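The disulfide bond annotation in Swiss-Prot covers 230-232, 263-266.
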């Protein structure tokens, strides 16, 4: 795994503000490889990857976050899913031509930002905001302003790094239930906004923080690796087939002689023939008998 694919948490000793810094290269490339995405779509997936990593780092529980853009433009949907272990996957779907250099609004059109938080234990939460900002970072800040009520700023950069294509970002957020000065927070945000793409992508986290906040006392914690990992499996696809009406499954078998289950996230294919389907039904019947 690339040394670059890491998420760092940090705290300001004299301000009730926390920060997160993430840089990704290999993970981003693994998400877009095998897909013929135009450059603007690759870039928005990189930015979504950075945003999802930063948001999952705010989780206080085991679970995952999905950050999705959807609209009526040529980019119908772009989504990244990540969990508290910083395991990421993502995909985009297009419904028209996307020109080189297209902006977020030109790609999505009239659309929404949907953030779904799914704890392993407890209820799922979903927040939806209209895409009113010109950038993904601006749209995410709008989401935080409407839902969390915690002052939050995001800074996302992408471009060519020393080791190839890279993306990175920084999240600043006032700590909850603490008396934080908004002036102090805005001052730290102004400092953070000066980060250059090449600095964020190529320098170690310690050096980035020193360049931004050398007059502040900052505690930098151990990094967490960010990686690509798809949760699909033959077993999971089999469970999906079990939920379908038997006559629908039989019709698919008659038409093609097999059922091909394709994972859009990683490109894996899982093929089931009549023998496989019979085995799935036998297993399902055995499980039902054990339950009763």
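Using N, Cα and C of the backbone, Cβ positions are placed for all residues, glycine too.
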Going by C-beta under 8 A and a gap of 6 or more residues, the same-chain neighbours of residue 263 (disulfide bond) are 230, 232, 269, 270
Cβ neighbour count (10 Å, all chains) around residue 230 (disulfide bond) is 19
Residue 232 (disulfide bond), Cβ-centred 10 Å count of other Cβ atoms over all protein chains shown, is 17
